[in-house]
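Peer 1: Pulled the feature table from Swiss-Prot, pasting it below:
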- 24-85: repeat 'FG-GAP 1' (REPEAT)
- N82: N-linked glycosylation site (CARBOHYD)
- 91-151: repeat 'FG-GAP 2' (REPEAT)
- N95: N-linked glycosylation site (CARBOHYD)
- 164-345: domain 'VWFA' (DOMAIN)
- N291: N-linked glycosylation site (CARBOHYD)
- N331: N-linked glycosylation site (CARBOHYD)
- 355-406: repeat 'FG-GAP 3' (REPEAT)
- 411-461: repeat 'FG-GAP 4' (REPEAT)
- N449: N-linked glycosylation site (CARBOHYD)
- 462-527: repeat 'FG-GAP 5' (REPEAT)
- 528-586: repeat 'FG-GAP 6' (REPEAT)
- N528: N-linked glycosylation site (CARBOHYD)
- D551, N553, D555, D559: Ca(2+) 2 binding site (BINDING)
- 590-650: repeat 'FG-GAP 7' (REPEAT)
- D613, N615, D617, D621: Ca(2+) 3 binding site (BINDING)
- N694: N-linked glycosylation site (CARBOHYD)
- N857: N-linked glycosylation site (CARBOHYD)
- N894: N-linked glycosylation site (CARBOHYD)
- N1031: N-linked glycosylation site (CARBOHYD)
- N1039: N-linked glycosylation site (CARBOHYD)
- N1059: N-linked glycosylation site (CARBOHYD)
Amino acid sequence: MDLPRGLVVAWALSLWPGFTDTFNMDTRKPRVIPGSRTAFFGYTVQQHDISGNKWLVVGAPLETNGYQKTGDVYKCPVIHGNCTKLNLGRVTLSNVSERKDNMRLGLSLATNPKDNSFLACSPLWSHECGSSYYTTGMCSRVNSNFRFSKTVAPALQRCQTYMDIVIVLDGSNSIYPWVEVQHFLINILKKFYIGPGQIQVGVVQYGEDVVHEFHLNDYRSVKDVVEAASHIEQRGGTETRTAFGIEFARSEAFQKGGRKGAKKVMIVITDGESHDSPDLEKVIQQSERDNVTRYAVAVLGYYNRRGINPETFLNEIKYIASDPDDKHFFNVTDEAALKDIVDALGDRIFSLEGTNKNETSFGLEMSQTGFSSHVVEDGVLLGAVGAYDWNGAVLKETSAGKVIPLRESYLKEFPEELKNHGAYLGYTVTSVVSSRQGRVYVAGAPRFNHTGKVILFTMHNNRSLTIHQAMRGQQIGSYFGSEITSVDIDGDGVTDVLLVGAPMYFNEGRERGKVYVYELRQNLFVYNGTLKDSHSYQNARFGSSIASVRDLNQDSYNDVVVGAPLEDNHAGAIYIFHGFRGSILKTPKQRITASELATGLQYFGCSIHGQLDLNEDGLIDLAVGALGNAVILWSRPVVQINASLHFEPSKINIFHRDCKRSGRDATCLAAFLCFTPIFLAPHFQTTTVGIRYNATMDERRYTPRAHLDEGGDRFTNRAVLLSSGQELCERINFHVLDTADYVKPVTFSVEYSLEDPDHGPMLDDGWPTTLRVSVPFWNGCNEDEHCVPDLVLDARSDLPTAMEYCQRVLRKPAQDCSAYTLSFDTTVFIIESTRQRVAVEATLENRGENAYSTVLNISQSANLQFASLIQKEDSDGSIECVNEERRLQKQVCNVSYPFFRAKAKVAFRLDFEFSKSIFLHHLEIELAAGSDSNERDSTKEDNVAPLRFHLKYEADVLFTRSSSLSHYEVKPNSSLERYDGIGPPFSCIFRIQNLGLFPIHGMMMKITIPIATRSGNRLLKLRDFLTDEANTSCNIWGNSTEYRPTPVEEDLRRAPQLNHSNSDVVSINCNIRLVPNQEINFHLLGNLWLRSLKALKYKSMKIMVNAALQRQFHSPFIFREEDPSRQIVFEISKQEDWQVPIWIIVGSTLGGLLLLALLVLALWKLGFFRSARRRREPGLDPTPKVLE
């Protein structure tokens, strides 16, 4: 059946690394098989199948057999019962002097699934060669019935002491004393390394006849041979038939007990010339033909005792000895002196080589073959870490023989200059299969150049190698390559992934370990990351064991298990990684710790194997080794639960109330919840599984819109029993009452799980266990339920244009305003200094069908803050903003939720405040309307109302000035000494203060100071210019001009006012930036130039210091006052010292007298002097009274 899209998505997400962390290995009921901890029972484990009977093969490399710690292998039943030791430690290799103590049998195990046999190796098995013990290693092959079948020891070489030595003693009467000969014989025998695979000795004695004292194979130890030699008595005889004795030894002694391939050595001891000397030539020739090396010892006691010249005797003995004589011929003065040549004779014999010299004679003696093992089609690969001076090698044992690559075969990747590093090649061996190259062998060398290396190669019968690829480790001491595993993910017979362990990788202060992943691409393995551990910062040795196991989770892909035996304070843990589509998911699906399984487990995970179904339930089980224990983990069947949900009817029609619930009209519906279990393993196709589900209505709402008819208001919990492959459906009745929100669908959520998760099947860790399906409301539009609205949005602001500002604020006539706006763009709007807000009048109208979930999106530029939205009273709907935080640059408002009716209209006003922290040259407000309904593209253009303005701000500045000097009178007696030789000082201040809301910039203060007349007479000296703002930059021009020190005569009576138009000036330009409420003071400090002011001709004059504010061309600010400027006036007056000429005085006097005379005459003519007499009356007494 088709799966809902949600299930597929959830399943795909679960396959993503880290999405889940559960798995189907049962940790509640493991089988823990105990063994000896001192023997390290559990160091290696292998699952074994014998005719359908399942066993566990467990290695115990420190197991004892008798008095020797040989190691051994156990077979253990998987269900119940005790383990049985196979006593492989008692297996003896014939014809060698072996040493089995500490040979570590069971250190490596390899099973052969073709014939159900397995190989158990003892890499430290050694054998005696002379005075040395060679640790060549040995493996034992065990058949399907747990019976030893053969030994495998490809590195075993014949010793240098592999010799058959026959001692030919002259026992004639002339030998005296015999006891000295016996002492010599015993001493030389003690020098020999007698034993299997080494020297064996036979003794013949001759005189007139020849007899066997003992044959070559009679005794197998020095002790026995010495004991036998001590009982040899002198046979006697009157003749010395040396040729006969040599021929007897050649033809009979070497045949009876002689070994094929052994070096034949003959030691002839005689004290006189032979009586059959004519036969010597033939006898010696036959000995040469049989490759018998002859040592001849001449005892001169008989000749010395009788004073006979021994020259002829010595020549005969030298003829008997092999060439050269100096190495094979000895002579002693008498029988007692034989003891003196024992050491020399022994050294010369042992200088012989037991086999022909070849390249491997001295390269494999310490090879430790079997340190690792791997079964291939035609035999077995064995790692030999000690071969070639511990650089290591890989040997191959087949039914046709053995293949031992030459040392030179490895030089390409293991150069001669690094031979002393001890690479340990063969520490682990495995193989991969590619479609082009077939089977390729893989071997690890964890100590190569201290970082480790892995090589991929093929081996040829001519003892050469072809190395196809090499991989090198990253970190010194990480032991990269100590564990290697190839993985065929999809089971097609071709390797997909090669995993390389570096268990000692040091990270964050701990030996955490690392496992590298290499994927096969075009016949090369390419690095593709690493597997992840638990991120627990501890010494874990993650990657100490890596096992490719068959499909554990029943998804048809093989999996990987990695051991970390030192995790959790050496308790140990394993990690299970799933295979998926040709690769390995790098996050573990399950981490199993030793503490979950049993108490006291240590080094859990040191070995892992998982290829068989051990309990006959159709599932692959795991075998894991630990210190003194072997643990079997059982797999649980995996089930996938397919869930689906549908509704009848398919939509909620709130306009059709078809039932009553709680006395109210309601819309009734039914949900059908269906489950189908799918067991992944074929063995479980008739199994049942119990699940429990929880169903919830409108789970994310505080008050649900739908209600269940039975059980809880919005929850139901039920248990059901499902049969494999069969669908079971549950009916859940529910109803919907009146609700304000019938736009968003009602969500039905289902969660389900196993009824008994601790037993039986387990839910697939990559399969969803939740289901969410929604049932929509019917929208009430036309028959196709497709609503087509037509939203129209209109908006305008209250900002004035430049023309409107000129007419309304500046109150200028239209003609003057036209000239005023010429300097502005037509899109410029003016922000008055008193304005703090911007208002937008807007309307939203729906000219089409119902618009569901209509929203109004309001956005503004950063220099505005949303203040409020006020709806007009005559609106047909409502509008509510859901986020009115002032700092947000966007607001979302719901319009008549849940739907905006057809032909409805809503009017509203928006207010925005200017930001006090952000200043921009422009202003943007955008209103956009939209809905969940599908409006036609042709009508969407008017859904947006953008308002964009280029701004000019009215600067609100206070511009003032002050001065310490406004008037000065120049007097004739004014002294320069009072003013330091210059003149009276002055201090002027121009002050600008920003009273507005916005920071002001793009303005310039321009100050002009008349400093001299056009004739070069200095008027004043500007001593200093200061501002109280460090970031205000000013430029000063004209203050450095040098004027004449002595003023010249100049009449200024016609120029009562001196300014920049008729004087030389100092100009100061300053760029101004003012934040709100900031002020800047410009200080002018100087002195009047009194020397010139006294010399110039004037009565009174004014020196005008002018300061003007100017806006720069691109400044966003304007001034309400045209060209604002301020002046400071220095009014200078002067007193004159006049001298009147004499003629003026005389003329003035005479003129005054003449004027007086004319005045008197005129008065006389007018009767001025007669008027008093004419006014007297006739009757009056003219005579005055007399005082008596």
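For all residues, glycine too, the Cβ spot is worked out from N, Cα and C.
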Peer 1: Which of the three DSSP states, helix, strand or coil, fits N331 (N-linked glycosylation site)?
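Peer 2: Once the DSSP labels are grouped into three classes, N331 (N-linked glycosylation site) ends up as strand.
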Peer 1: Of the recorded positions N291, N449, N528, N553, N615, which one sits closest to N857 (N-linked glycosylation site) when you measure Cα to Cα?
Peer 2: N528
Peer 1: Would you count the other C-beta atoms found within 10 angstroms of the C-beta of N331 (N-linked glycosylation site) for me?
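Peer 2: Result for N331 (N-linked glycosylation site): 16 other Cβ atoms within 10 Å.
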Peer 1: For a quick check of understanding: among the binding-site residues D551, D555, D559, D613, D617, which residue's Cβ has the most other Cβ atoms within 10 Å?
Peer 2: D559
Peer 1: Run through the repeat 'FG-GAP 4' (411-461) and tell me, per DSSP, how many residues are helix, strand and coil.
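Peer 2: When I sort the residues of the repeat 'FG-GAP 4' (411-461) into the three classes, I find 9 helix, 24 strand, 18 coil.
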Peer 1: For N615 (Ca(2+) 3 binding site) and N95 (N-linked glycosylation site), what Cα-Cα distance in Å is obtained after rounding to a whole number?
Peer 2: 44
Peer 1: How many other Cβ atoms sit within 10 Å of the Cβ of N857 (N-linked glycosylation site)?
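Peer 2: Taking every protein chain into account, the count is 14.
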Peer 1: Relative to the mean position of the Cβ atoms of D551, N553, D555, D559, the recorded Ca(2+) 2 site, which additional same-chain residues have Cβ within 8 Å?
Peer 2: L552, Q554, S556, Y557, N558, H578, G579
Peer 1: Whole-number Å distance between the CA of N95 (N-linked glycosylation site) and the CA of N553 (Ca(2+) 2 binding site)?
Peer 2: 51
Peer 1: Using only C-alpha positions, which one of N291, N449, D621 is spatially nearest D555 (Ca(2+) 2 binding site)? These are the recorded positions in the record.
Peer 2: D621
Peer 1: DSSP on the repeat 'FG-GAP 2' (91-151): how many residues come out helix, how many strand, how many coil?
Peer 2: 0 helix, 30 strand, 31 coil
Peer 1: Measuring CB to CB from N449 (N-linked glycosylation site), give everything in the same chain under 8 Å that is also at least six residues away in sequence.
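Peer 2: Listed in sequence order: L418, H421, A423, R472.
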Peer 1: Taking Cα atoms as reference points, rank the binding-site residues D551, N553, D621 by distance from N1059 (N-linked glycosylation site) and give the first.
Peer 2: N553
Peer 1: Which one is it: of the recorded positions N331, D551, D559, N694, whose Cα lies the shortest distance from the Cα of D617 (Ca(2+) 3 binding site)?
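Peer 2: Ranked by Cα distance from D617 (Ca(2+) 3 binding site), first place goes to D551.
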Peer 1: To see if you understand the setup: which same-chain residues, six or more apart in sequence, place their Cβ under 8 Å from that of N553 (Ca(2+) 2 binding site)?
Peer 2: F23, N24, D559, H578, K589, V638, L680, D764, D765
